[in-house]
Amino acid sequence: MAFANLRKVLISDSLDPCCRKILQDGGLQVVEKQNLSKEELIAELQDCEGLIVRSATKVTADVINAAEKLQVVGRAGTGVDNVDLEAATRKGVLVMNTPNGNSLSAAELTCGMIMCLARQIPQATASMKDGKWERKKFMGTELNGKTLGILGLGRIGREVATRMQSFGMKTIGYDPIISPEVSASFGVQQLPLEEIWPLCDFITVHTPLLPSTTGLLNDNTFAQCKKGVRVVNCARGGIVDEGALLRALQSGQCAGAALDVFTEEPPRDRALVDHENVISCPHLGASTKEAQSRCGEEIAVQFVDMVKGKSLAGVVNAQALTSAFSPHTKPWIGLAEALGTLMRAWAGSPKGTIQVITQGTSLKNAGNCLSPAVIVGLLKEASKQADVNLVNAKLLVKEAGLDVTTSHSPAAPGEQGFGECLLAVALAGAPYQAVGLVQGTTPVLQGLNGAVFRPEVPLRRGLPLLLFRTQTSDPAMLPTMIGLLAEAGVRLLSYQTSLVSDGETWHVMGISSLLPSLEAWKPHVTEAFQFHF
């Protein structure tokens, strides 16, 4: 998937000026317009291939579907709650974020919230501003020796852990992805959730908002907590059930809460914000000069590197694409698309299971990034719903009635005895298998159904190929075929044959354009098909 034609980017939220400068220095045109309505945003995007947002702009399905040229949405921040990922993926629009940009700022705010909860600093400040001197009212608690439960041990969670350990806190946590060995390396003991609740003096959440994390803290879990537990949410509104939190505060089960995020922002229901034991901020987790600059810089660099084909970072909805930008993998992506296109032309809109098989040490983990490219080749001529690319390929292939499996073989798929890296694409249960490899940076076809080409056939983008199989070696065959090409006004550009396999030979002709029909070829060959990619 190439982004070289991405030329113009709209920045629709406030970002550090370095973002615009980096984009322009990278050769991109930049338009900055903020506070756009949905209709205004759609209008601006009619001439833009890229969009960069922070939190304010809502990139809905309506916006994505109406923006015909849109290729990439960049979120200068961690979450992508304001981008409709399903709609973007279906349309083949890449979504990126800056997962590292605001981690430190969010972690520091969390630590500040924990300290404010322990010593009631905001409440004491408000009291002083009212002219009061209430030393007894604001009795606090030390952090030393207390247990902090951290739910979500990614970048932010681990930064919080190391900082609060310096206050003498014991850190325990839970993360379904991070291994206990990894979390132990930064001082967090992982426990099951049901064991965490009764141990914690403080709980802080650092998970994405998913169906599995919505309402993670609820009436049931609050009931399992220590009486007087304190809760911090600087992650996403909705992870803590706001109704359950209010009830826990009112009953004293929860001694205090610090909230930077809400289910609705700004919150119209003020019951939580107005509670005397709640500290709240208007979503300030990433609101530092450093984070703003870092996020703006990172997303701009990601755009420029992507357009120049250097690298692809921060991908949210097509992680396999990241591998597609490595110098080693790029030509294999081209080969995979070519073999997918060949398979569709050969098998005629195949149904069932397509097998993608890799061989060779350097391709051991490449199946997940090569299979979308195979799908692009299979579907790009057939899909009536959308343009097929590496972003939406896996979604659209299911709707086309195809399953795609990937596997790695220590031995060559098809013809045995070759030690190089190979890629094979086959239709399960049917006599269709194509094998290719990369020579230098050129994808080449090595074999069809066990018939091996020596030398291999170059697969060049834009060069039509005509492939046909014959049973006998008739000296008059080649002049006859050239005559058929001439009758159709098509020139022969190259010609190669396979080694004889089971008494038959495959022939490959590079031709100046695809033939309007292969009917005239059928009396002379066992089978024939043509394609270009």
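Just so you know, glycine gets a Cβ as well, placed from its N, Cα and C.
Checking the candidates THR125, THR207, THR322 against Swiss-Prot: the one annotated together with THR78, ARG155, ILE156, ASP175, CYS234, ALA235, ARG236, ASP260, HIS283, LEU284, GLY285, ALA286 at the NAD(+) site is THR207.
It is ARG236 that, of the recorded positions LYS21, ARG236, HIS283, has its Cβ surrounded by the most other Cβ atoms within 10 Å.
Within 10 Å of ASP260 (NAD(+) binding site), counting CA to CA, the recorded positions LYS21, THR78, ARG236, HIS283 contribute ARG236, HIS283.
For the recorded positions SER14, LYS21, THR78, THR207, HIS283, ALA286, a Cα-Cα cutoff of 10 angstroms around ARG236 (active site) retains THR207, HIS283.
Among THR78, ARG155, ILE156, ASP175, THR207, CYS234, ALA235, ARG236, ASP260, HIS283, LEU284, GLY285, ALA286, the residues given in the record as binding NAD(+), the maximal Cα to Cα distance rounds to 24 Å. The two recorded residues, THR78 (phosphothreonine) and ALA286 (NAD(+) binding site), have Cα atoms 9 Å apart.
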